[in-house]
Amino acid sequence: MRTKKNPPLRVGIGGPVGSGKTTLLEMLCKAMRAKYDLVVITNDIYTKEDQRLLTVAGALEPERIMGVETGGCPHTAIREDASINLEAVDRMQKQFPDVDIIFIESGGDNLAATFSPELSDLTIYVIDVAGGEKIPRKGGPGITRSDLLVINKTDLAPYVGASLPIMESDAKKMRGERPFIMGSVKLGDGLNEIIKFIEQKGLLVS
């Protein structure tokens, strides 16, 4: 179990544009902030829009949400050259020395994006049903190697013609023993399971 003497748990959240990463972050912060000391680092290419959205939503106090403008390719800032994010992590740790969890949201990326091990202790990859039922079987590191895959917006399946059983079957084939969760985080469906995963895999509970 982690204690205050341990470094904070760093949780990377990735996924394509519109999959629900920022909504998941908002819901996680609101559900976990009473129990844990939290900060968030968001990545956008040319703006700090996700930082603004989380601040307006009241996810955390504004000073606990830092926006990073990556420029160029968003994958590079979380993988090949994570220095800009590592610097942000260091700044947040100095500002909030008792922080328990640092959430790091990647910019909208494709299925090939992954977090550098030096940046993230746990990775959560978010895809959504509206992207099509074929997404899980397309694979890519985010789907096959993330610590947790979240198949989001299951409530939209009837409206986009996606088969949830097919998506579930494909996710099992692509991930093997690695866990995945199907739900709709905006509605709270699956949120408790995601929190439980973070707590158990991040050694936040004994």
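One is the number of the first residue shown, and numbering goes on along the chain from there.
Here the Cβ of each residue, glycine as well, is placed from N, Cα and C on the backbone.
The shown structure was predicted, so the numbers you read here are calculated from the model rather than taken from an experiment.
Taken from Swiss-Prot, the feature GTP binding site applies to GLY15, PRO16, VAL17, GLY18, SER19, GLY20, LYS21, THR22, supported by sequence analysis. There are 29 other CB atoms within 10 A of the CB of LYS21 (GTP binding site), with all protein chains counted. When secondary structure is read from DSSP and collapsed to three states, LYS21 (GTP binding site) falls in the helix class.
Within 10 Å of its Cβ, the residue among the binding-site residues GLY18, GLY20 with the fewest other Cβ atoms is GLY18. Among the binding-site residues SER19, THR22, the residue whose Cβ has the fewest other Cβ atoms within 10 Å is THR22. PRO16 (GTP binding site) has a Cβ environment of 19 other Cβ atoms inside 10 Å.
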